């Protein structure tokens, strides 16, 4: 029986001392690398790609290193959250584009009419005033009048522009059609043929007067009396 050479025994002794001096992390890394090297291509599907560690193996390594284990239920929780969101989804009904456009057009016309009325009221309120006793400085008063004239001119130009927009958008016709729909429009021609059978001396302030109004018939020669209490 032959004995091993001193050189080999000395080499194995040095290898053991080197393993003892390495950290546990390095030893675990070497074991994982050795395990991957030992796997054949058939174990990895013939592609030669190393398969990843399972959650149990990863937790075992983390326990040896003193780390907290991984939660295996994280993926299932995220998947359940996605499923719950899909269950809570409610299909919204489609919007009626035609009604939305009509509503926007009506709002735009009403805004133009409102701004036009506001400018007309502003023009009516802007009047040239006379200098007061406190305004002794003529130059200051002239500048103030010029500023008022400039503002009034801008308001008139703005009102003219809105009037042109009104004509293009047919705001007046729209408002008039709305008024006609709400009630019958009263015209001055409806008073044609009416005649009051009383003199103006019958009207006295503070007293009630019964008026008799006669209207011509269809033929124009028959007077139909109507009594009104006033």
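Numbers run from 1 along the shown chain.
Heads up, the Cβ atoms here are built off N, Cα and C, so glycines get one too.
Looking at 82-109, 110-137, 138-165, the stretch flagged in TrEMBL as coiled coil turns out to be 138-165. TrEMBL assigns the feature region 'Disordered' to residues 1-55, out of the candidate ranges 1-55, 166-220.
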